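Novice: The active site, proton acceptor annotation in Swiss-Prot covers Asp166, and the record cites sequence analysis as its basis. Residues or ranges marked as ATP binding site in Swiss-Prot (evidence: sequence analysis): Gly25, Arg88, Cys89, Gly118, Asp119, Gly120, Ser121. The feature Mg(2+) binding site is assigned by Swiss-Prot to Asp119, with sequence analysis given as support. The substrate binding site annotation in Swiss-Prot covers Ser164, Ile165, Asp166, Arg201, Met208, Gly209, Arg210, Glu264, Arg292, His298, Val299, Gln300, Arg301. Residues or ranges marked as beta-D-fructose 2,6-bisphosphate binding site in Swiss-Prot (evidence: sequence analysis): Arg473, 530-534, Arg568, 575-577, Glu631, Arg657, 663-666, Arg737. Taken from Swiss-Prot, the feature O-linked glycosylation site applies to Ser532. Swiss-Prot lists Ser133, Ser377, Ser669, Ser777 with the feature phosphoserine, giving similarity to another entry as the kind of evidence. Look at Swiss-Prot and you will find 2-390 tagged as region 'N-terminal catalytic PFK domain 1'. Under the heading region 'Interdomain linker', Swiss-Prot lists 391-403.
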Amino acid sequence: MTHEEHHAAKTLGIGKAIAVLTSGGDAQGMNAAVRAVVRVGIFTGARVFFVHEGYQGLVDGGDHIREATWESVSMMLQLGGTVIGSARCKDFREREGRLRAAHNLVKRGITNLCVIGGDGSLTGADTFRSEWSDLLSDLQKAGKITAEEATKSSYLNIVGLVGSIDNDFCGTDMTIGTDSALHRIIEIVDAITTTAQSHQRTFVLEVMGRHCGYLALVTSLSCGADWVFIPECPPDDDWEEHLCRRLSETRTRGSRLNIIIVAEGAIDKNGKPITSEEIKELVVKRLGYDTRVTVLGHVQRGGTPSAFDRILGSRMGVEAVMALLEGTPDTPACVVSLSGNQAVRLPLMECVQVTKDVTKAMNDRKFDEAMKLRGRSFMNNWEVYKLLAHIRPPVSKTSATMHTVAVMNVGAPAAGMNAAVRSTVRIGLIQGNRVLVVHDGFEGLAKGQIEEAGWSYVGGWTGQGGSKLGTKRTLPKKSFEQISANITKFNIQGLIIIGGFEAYTGGLELMEGRKQFDELCIPFVVIPATVSNNVPGSDFSVGADTALNTICTTCDRIKQSAAGTKRRVFIIETMGGYCGYLATMAGLAAGADAAYIFEEPFTIRDLQANVEHLVQKMKTTVKRGLVLRNEKCNENYTTDFIFNLYSEEGKGIFDSRKNVLGHMQQGGSPTPFDRNFATKMGAKAMNWMSGKIKESYRNGRIFANTPDSGCVLGMRKRALVFQPVTELKDQTDFDHRIPKEQWWLKLRPILKILAKYEIDLDTTEHAHLEHISRKRSGETSI
């Protein structure tokens, strides 16, 4: 970018006005989006207005449309719901109402509208835009606006952000609020599990989703439910028989509870609703189980937004402002959405149309089509669910076709490791393999701490944090002889390694060892699982989302304490080794003033600039500061050094406190994202493994010595991909245990702009308008 273009971002909004409103049902994370729109709007030189109470405020005007300031969006990030209010508005559906809304906007010179809401709200916005010129000529004829005002506001730009807990909008992988709603549901499922086990009960849980089964489907994957009912895929006609057989089989195998998840819009093949009460009566009548119904209701909309939703809201808000200010009369109204982990712009009406097509397909009972239209991510969730829940576990048998696969954890514990182990073990058994589990990583493999795992061995593991198998950082090189002996002794034909940077390095060592030891010529795959998110070959690691949420919750509490004492700055040290992922993302999610990381070298002048920035901040109404520091960002500028510097420089203006978060970041129950991600990664790894073993089978034994027989399974942009460890070698900085290129570094400017730094907006995400049809035929997403 040239210097002129740098400058352009800061002046892009001069003379323009943006209005932001939230409409329809509220969703956690809407406040993060509002905050980002306001702050980035002000950063570009535009005036930004809040529209209170959704479209109703737009129609009523007056005090409902107020100018926003930088401070007016402070302390909003961690609040659920929408601070500027939302309402379902009948007036806006009538042309008369839209005429009044247009009048209110023209009088204030607002020609850019950012709408945060569901598909109904966004369709309304598009109608408003298409009528705009007619509305203006009507207002001019009625003498309500002058010709000059009409010319000045000749066209209206509209950008939509999808805020909906149902995740029912086509074209976006995740809508704002969905992840937080899953957090609420999983908290409740975890709580119910303990009481159900105590009494050997069956629970029927009803979750939201009138026309979309996303919440129900992901919940059932995340808690290992016995059955799920979703509107997109009604059960077969004899489902009652199947359900009861499934429940009694689970009990026979020693489980003390059954969980059935029902989406509120669940139907059978004929379109007749399936209710929770109906399911309860069926189970009681046929099986005589003690059965309870819990309807979760509006709990799912409430509570604190998750880290994912805060980051999603912030990223989408920044992109929305850019889309509005770059808009011309010819650009179509667009939706800013997420695909994989990339921000994309999609034509609003294309997305709305596909969303309507899903409803139509369901009404016409074309359920296969409805599933396809929901997108790849939804389909993959459904496939994994069907595998884990509906296929009967095989009776153990020793046949010639059976292969032996071992599963192990390596590195430091990370939440979600157990979910990955569970899904690899069960998918392996379903495919007719013998699955062994190795305790204590490569050390256990050398010592022979290996046992066979059956179906119920991993029962209830999905929601448990840490590593049940035990994990060590030891690398295999020192013990190749013992490891080779055990591979032969236990007849191990494939290895699934779940872990962090050590798992990846261990994989490279196994590759090297193949030259000396033929026994090591077996396929292996690494599933990245570490809080640091520093494994080459993957944008995300299992466990990082849980750690991020732990840091966020702590930062919220610390900010609350600082808000009470006033004029206080907190310096918080996060984990991550040399990788600044946790510090950066937690900085975005918690609204930090700065985040110091190794990947972005800083000097004493930068520290001084931050102190001066905080001195200025204390003069405003926001009298507190939050600074994050990655544990290894600089060997000399330690947490103590930064704390002492801030304490000295801030004397008389603010006082400082420091907090080292430590190992609490590795613990806790895994978040829905980590459970779901780990389950899908485990399933995909085991499928790959079965194929690879068959490929490598020669003359009665396994022999795999090609580079593609040792891979890392990672999420790259929009797809899950297997990459040979040897190919990833060049992309790795081994001294600092990080990948040479990291996607999240491009989000750092957003962090700085939202903290009011005068920087150049040159490296934020540049999303171009794509078409939804092209997106759907792309790579396999997860």
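The backbone N, Cα and C atoms fix where each Cβ goes, and this holds for glycine too.
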Novice: Could you say whether, by DSSP, Ser377 (phosphoserine) belongs to a helix, a strand or a coil region?
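Specialist: Note: Ser377 (phosphoserine) is helical by DSSP.
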Novice: Considering Cα atoms only, can you say which of Ser133, Ser164, Arg301 is the nearest neighbour of Gln666 (beta-D-fructose 2,6-bisphosphate binding site) among these recorded positions?
Specialist: Arg301
Novice: Nearest to Arg88 (ATP binding site) by Cα distance: which of the recorded positions Arg210, Val299, Ser669 is it?
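Specialist: It is Arg210, whose Cα lies nearest.
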Novice: Around the recorded ATP site, report the further residues of that chain (criterion: Cβ within 8 Å of the mean position of the Cβ atoms of Gly25, Arg88, Cys89, Gly118, Asp119, Gly120, Ser121; site residues excluded), sequence-ordered.
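Specialist: Apart from Gly25, Arg88, Cys89, Gly118, Asp119, Gly120, Ser121, the close residues are Ser23, Gly24, Gly117, Gly124.
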Novice: For Ser164, Ser377, Ser532, Gln666, Ser669, listed as recorded positions, tell me which one has the smallest number of other Cβ atoms within 10 Å.
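Specialist: Across Ser164, Ser377, Ser532, Gln666, Ser669, these recorded positions, the one with fewest Cβ atoms within 10 Å is Ser669.
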Novice: For Asp119 (ATP binding site), list the number of other Cβ atoms lying within 10 Å of its Cβ atom.
Specialist: 24
Novice: Considering each pair of residues in Gly25, Arg88, Cys89, Gly118, Asp119, Gly120, Ser121, all listed as binding ATP, report the largest CA to CA distance in Å, no decimals.
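Specialist: Those residues reach a largest Cα separation of 14 Å.
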Novice: Count, for each of the binding-site residues Arg210, Arg301, the other C-beta atoms lying within 10 angstroms of its own C-beta, and report the residue with the smallest count.
Specialist: Arg210
Novice: Of Gly25, Gly120, Gly577, the binding-site residues given in the record, which has the fewest other CB atoms within 10 A of its CB?
Specialist: Gly120
Novice: Take the region 'N-terminal catalytic PFK domain 1' (2-390) and average the pLDDT across it for me.
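Specialist: Here the predicted model's pLDDT, averaged over the region 'N-terminal catalytic PFK domain 1' (2-390), is 92.
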Novice: Out of Gly118, Ser377, Gly577, point to the one nearest Val299 (substrate binding site) in space (Cα versus Cα); all of them are recorded positions in the record.
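Specialist: Result: the closest of the recorded positions to Val299 (substrate binding site) is Gly118.
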Novice: Asp166 (active site, proton acceptor) has how many other Cβ neighbours within 10 Å of its own Cβ?
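Specialist: That number is 25.
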Novice: Within 10 Å of the Cβ of His663 (beta-D-fructose 2,6-bisphosphate binding site), how many other Cβ atoms are there?
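Specialist: Result for His663 (beta-D-fructose 2,6-bisphosphate binding site): 10 other Cβ atoms within 10 Å.
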Novice: Counting distance between Cα atoms, which of the recorded positions Cys89, Asp119, Ser377, Arg473, Ser532 is nearest Arg301 (substrate binding site)?
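Specialist: In terms of Cα distance, Arg301 (substrate binding site) lies closest to Asp119.
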Novice: Quick check: in three-state DSSP terms, what is His663 (beta-D-fructose 2,6-bisphosphate binding site)?
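Specialist: Helix, per DSSP.
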Novice: Using the structure shown, find which entry in Cys89, Met208, Val299 (the binding-site residues) has the sparsest Cβ neighbourhood within 10 Å.
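Specialist: Lowest Cβ count within 10 Å among the binding-site residues (Cys89, Met208, Val299) is Val299.
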Novice: Kindly assign Gly120 (ATP binding site) to one of the three DSSP-derived states: helix, strand or coil.
Specialist: helix
